[in-house]
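Report on the following structure.
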Amino acid sequence: MRSDEVKKGIDRVAHRALLKALGVTDDEMDKPFIGVANAYNTIVPGHMTLDKLTQAVKEGVYAAGGVPFEFGIIGICDGIAMGHEGMCFSLPSRELVADTIEAMVEAHRFDGLVVVASCDKIIPGMLMAMLRLNIPAIAVTGGPMPYERVGGEKVSIKDAFEAAGMYKAGKLDDAGLKLYEDYCAPYCGSCQGLYTANSMQILTETLGLSLPYCSTSPCPSSRKLRIAKQSGKRVVELVMQNIKPLDFVNERSFENAITMDMLVGGSTNTVLHLPAIAKEAGIRLSLDLFDEISRRTPHIVSIDPASKEMVVDLDESGGVPMLIKKARKYFHDEMTVSGKTLYEIAEMAVLRGRDIIASPDNPLHKEGGIAILKGNLAENGAVIKAAAVSEDMMRFEGTAKVYDSEKEALNAILDGKVEEGDVVVIRYMGPKGAPGMPEMLLPTAAISGLGLQKVALITDGRFSGATRGPCIGHVSPEAAVGGNIALVEDGDKISIDIPARKLEVKLSDEELAERRAKWKPKEKELKGYLAKYAKLVRGAEEGAALL
């Protein structure tokens, strides 16, 4: 066992003494040592009960004959970090999560690993670490937050973000605003809709790195505790059988994850995270592959922000196993950490409530929920959640209103300076430019809350999974490195054609060249982690991974 390097032999007397200081007994020195990476904290709603899940994991490890060692991992709440400088740290924290898990596991020579997390960047960071380390490992994801109702309607955190615009437009009074504040995040768990956290939990299960139903089992449920305990038992079995993630996660597994992403209309952030995770396995996922799979995969379930259905409703409909069962022909039958293949898991699917999953033969949309756009405004690509765009906005031409910061754009929107027919352009928000590629949820929520139906938004930054409407992100090359988005001016005409996958500014090559000759990069004073990150980060089309 790997852990023998810290517990066996005469020259490890001091090591054993330190382990005994923790309460490790002589007989436990012969058992597998299992690291349990716990992202519990009391600032992230999706993480505030991970201590209980981690306890269940450790009980499972003990029951199966292993010795668990828990260690802490950071976790940022994207919702609380939204709309201020803190959002610049969200995406970069993914790499910190991966690196710190790697450091802890390698330093202490754990035989196996369980990662416990719920939210946006923490899950991808943990999966990156699992594949990088390639020791027996399993993921336990915290599960979705249940919803409450306001005015008889289901509400989610998306509604709270949009409430500010509704209030500004006179659609809500003070009492109504308070209701949204009090009931849009009523429980523990990852925010209710198919935003980034729940999208990544579903893709983790599809990749085969968590047990069946782990992703959609609600945060407060006893089923979640049982899955956590089973995961603790399973990791010990994986150690005994020497089954490592890269023994079953391969290119076809990632194709399955992209397919699932398209079937459900997941967050556009998955287009950043999956390539970064795959890179740790030596696999390259191009934007072209995402678009190729999107074109051949139907969209069969509509979940908030695209509808009023929530992830707990998907769980009642059978979760990931039922999605695979209904859309079996679109998936490769790959092995999973459970010891069962995807097809075998699909046969376990149980419908417990309403069925919100359409048949692939009669889908909601013939193509997948995410589209990759290219053109002179995004030569390396841009991303849009097509599943959350109304039919009449699939093709749109509008007038550019250009802003070099989120705050500037948000103020203009709330002050009524953005009108129907406009295309809001927010630039210098990319991986290097911001840096950290912050999410632009507040401007998009303001547009929705104000009831603006014919306004698009384009950025080299990102969007929250809660964003809906014609919002195009990840524009690459970004403004900070001289991408054409840096050359757009107020009044330019911008054309969006989602079916044709086109994103164009109506300027000739000569006009762009003339503007480029006058362009100068913006200098930004950076310090600490973000200064290092800005130097090392790659473009959005490469998952904003570090060199």
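Just so you know, glycine gets a Cβ as well, placed from its N, Cα and C.
Residues or ranges marked as Mg(2+) binding site in Swiss-Prot: ASP78, ASP120, LYS121, GLU439. Look at Swiss-Prot and you will find CYS119, CYS191 tagged as [2Fe-2S] cluster binding site, backed by sequence analysis. For LYS121, the entry in Swiss-Prot reads N6-carboxylysine. Per Swiss-Prot, the feature active site, proton acceptor maps to SER464.
Within 10 Å of the C-beta of CYS119 ([2Fe-2S] cluster binding site) we count 29 further C-beta atoms, all protein chains included. The Cβ of SER464 (active site, proton acceptor) has 30 neighbouring Cβ atoms from other residues within 10 Å, across all protein chains displayed. Summary for the binding-site residues ASP120, GLU439: the Cβ-based neighbour count within 10 Å is maximal at ASP120. DSSP assigns CYS119 ([2Fe-2S] cluster binding site) to coil, not to a helix or a strand. Sitting within 8 Å of the Cβ centre of ASP78, ASP120, LYS121, GLU439, and not among those site residues for Mg(2+), are the Cβ atoms of ILE76, ALA81, MET87, SER90, LEU91, CYS119, THR196, ALA197, ASN269, ARG462, SER464. Taken residue by residue with DSSP, SER464 (active site, proton acceptor) is part of neither helix nor strand, so it is coil.
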